[in-house]
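Feature annotations, reproduced from Swiss-Prot:
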{"type": "TRANSIT", "residues": "1-31", "note": "transit peptide"}
{"type": "REGION", "residues": "1-29", "note": "region 'Disordered'"}
{"type": "COMPBIAS", "residues": "15-25", "note": "compositional bias 'Polar residues'"}
{"type": "BINDING", "residues": "R298, D335, D339, R476, D479", "note": "(2E)-geranyl diphosphate binding site"}
{"type": "MOTIF", "residues": "335-339", "note": "motif 'DDXXD motif'"}
{"type": "BINDING", "residues": "D335, D339", "note": "Mg(2+) 1 binding site"}
{"type": "BINDING", "residues": "D335, D339", "note": "Mg(2+) 2 binding site"}
{"type": "BINDING", "residues": "D479, T483, E487", "note": "Mg(2+) 3 binding site"}
Amino acid sequence: MSLSGVPLSAGLAPSPSNKPTNGKGQNIVRRSGNYKPALWDYDYLQSLPTLYAGEAHVEKLNKLKGEVRIMLEKTVTENPLAQLEQIDTLYRLGISYHFQDEIKALLNTIHNNNNNNNNNDDVYATALEFKLLRLYGYTVHSEVFNVFKDEIDKGFKAISLCGDYVKGMLSLYEASFYSFKGETILDEARDFSTKHLQKYVMMRHNNNSKDQSVDDDDDLVILVEYALELPMHWRMIRLEAKWFIDVYSKRRDDMNPTFLELAQIDFNLLQSTYQEDLKHVSRWWSTCKLGERLPFCRDRLVEVFLLAVALKYEAEFGYARRLLTKIGVLVTLMDDIYDVYGTLDELKLLEDAIERWNINELDQLPEYMNIFFVAMYNVVNGIAYDVLKENEILIVKYLKRAWMDACKSYMVEAKWYYSGYTPSLEEYLENGLISITIPLDLIFLYCLTTSPITEDSMEYLLQYPTILGLSGTLFRLVDDLATSSDELKRGDNPKSIQCYMHESGVCENDSREYIKNLISETWKQMNEVRVAKSPLFSQAFIESAVDFVRGAMLLYQKGDGFGTKHDGDAKDKLVSLFFNPIPTP
């Protein structure tokens with residue numbers, strides 16, 4: 001089998017007529033997704049100026065990194081809270097990845113001295129330490145919060161809403177999202193802190209009151225409102241950095257100008273790198289002419305690229321981001337072929353063609369499937385060729401199997417649609433964690449970023465281990481909460497919300513609450529996998545699986561940011577991340 005690229009014109013069957021028929025002379029009625037066109041066209045993406053590329057900016061970045069390293073080394077060891085606050089600030093500014101060794105050294109000391117800590121009566125310090133230790137994979141027990149519970153009624157102690165207390169409640173709230181299954185004390189902490197933070201916000205906004213019982217720092221209420229909207233642990237790192245850089249720059253007392261300048265330059269440099277990536281993938285998209293030949297599909301190049309950035313945001317992973325974007329675009333096309341456009345007979349033909357994986361046997365495919373198959377064949381085989389050169393292992397058969405699994409899961413849903421079948425929630429999710437194609441994307445990520453690659457590791461990936469399943473399930477549920485109403489309007493299958501309604505006889509609002517709770521519970525499982533050391537996967541790969549879900553939380557936070565409502569909140573976030581640099585002096 002050749003791994004060389006095949007021209008997109010190869011094997012394309014001529015269209016028998018302008019109107020598709022089912023082989024019996026009857027016209028086929030196609031559904032429509034009613035998708036809006038792309039927000040950014042080829043000319044716009046190619047015109048991006050990449051203002052912050054160049055050696056001068058890199059030299060400035062490296063100089064500032066050196067200064068920050070010195071600061072971290074000089075942090076007073078007798079003040080672990082100051083160390084924790086520095087680490088937290090670096091993380092939120094999006095620059096902690098430059099200082100992993102220094103941060104690990106500081107946290108090792110803090111973790112080893114846990115028995116001697118003096119934070120037992122400080123909810124802010126205790127929660128901050130707990131959050132950061134779990135964030136960086138340390139073993140830390142939730143019982144540390146028992147000291148803040150009332151000995152009589154066993155609930156958390158209530159104190160007046162002074163500024164320091166609100167900081168403590170915010171810290172407790174953020175820490176609670178790192179909980180594991182069965183840690184009821186963190187469930188209680190989340191409920192308790194949420195209630196008090198909501199009360200604090202109401203007090204601040206009540207006639208713009210600045211009562212003496214409430215802290216007068218506007219920065220604090222901004223942080224609280226932002227956290228209540230979505231906790232930091234669930235947010236995409238790069239976009240979180242852009243938002244926090246702006247907030248941090250306005251602080252009066254505890255702003256570190258070196259941290260700020262480094263974060264600004266780092267963000268702009270990465271943005272320029274992303275712009276070059278976008279130029280590359282937009283040229284590929286234009287050359288393939290897939291958008292022209294498959295006009296019924298979503299043209300979501302930039303949105304797909306966002307998810308590639310969520311997976312690997314560092315500058316050195318441009319090769320992986322570009323290929324992951326191509327894979328994501330092809331997956332989007334396949335999703336629309338199966339969900340919207342193709343008939344059952346056509347879908348079976350495509351499935352058979354992927355099973356054969358032979359460019360010379362496409363005669364039975366409709367024309368629109370021909371061009372899709374050849375584009376997919378070229379990209380997948382190109383990745384396999386690169387892996388063969390670097391790792392001396394031929395992985396085409398594994399990539400084909402992964403793609404086939406996705407096709408089979410799509411076919412299950414197509415059959416549900418045509419038969420009018422509503423599955424149970426368990427049945428839906430068992431299939432849906434594959435049909436969302438997150439495991440497929442993660443398998444490609446593994447191949448693009450791992451060396452060496454072995455036959456055993458590929459076989460293990462295709463058994464869909466826990467980390468792939470959790471990432472797929474979370475993405476599926478988050479997607480469904482945002483998109484199910486729009487998809488039902490065009491006649492799609494019931495999603496998780498409707499499956500649970502049908503199964504349990506509850507109303508839609510109750511079903512949505514159940515799915516939200518299921519998302520929270522699944523995150524707890526993800527948290528446990530994060531801190532468990534895998535013998536087969538690097539911690540970086542596991543973090544990428546978590547980051548994929550964070551990308552979903554961004555796209556679907558306020559509606560279908562990938563489909564029918566991609567010109568709303570999601571658009572603003574994409575513009576902020578990819579097209580608007582941070583002004584610097």
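From the backbone N, Cα and C atoms, a Cβ is placed for every residue, glycine too.
Separating the Cα atoms of T483 (Mg(2+) 3 binding site) and D335 ((2E)-geranyl diphosphate binding site) is a whole-number distance of 14 Å. Cβ-based neighbour count (10 Å, all protein chains) for R298 ((2E)-geranyl diphosphate binding site) stands at 24. Across the annotated binding residues for (2E)-geranyl diphosphate (R298, D335, D339, R476, D479), the two most widely spaced Cα atoms sit 18 Å apart. Within the motif 'DDXXD motif' (335-339), the DSSP-based counts of helix, strand and coil residues read 5 helix, 0 strand, 0 coil. Per-residue confidence over the motif 'DDXXD motif' (335-339) averages out at a pLDDT of 94. Counting other CB atoms no more than 10 Å from each candidate's CB, the binding-site residues D335, D479 peak at D479. Neighbours of T483 (Mg(2+) 3 binding site), defined as other CB atoms within 10 A of its CB across all chains, total 20. Shown are the binding-site residues D339, R476; the one with the most C-beta atoms within 10 angstroms of its own C-beta is R476. Under the three-state DSSP scheme, R298 ((2E)-geranyl diphosphate binding site) falls in the coil class.
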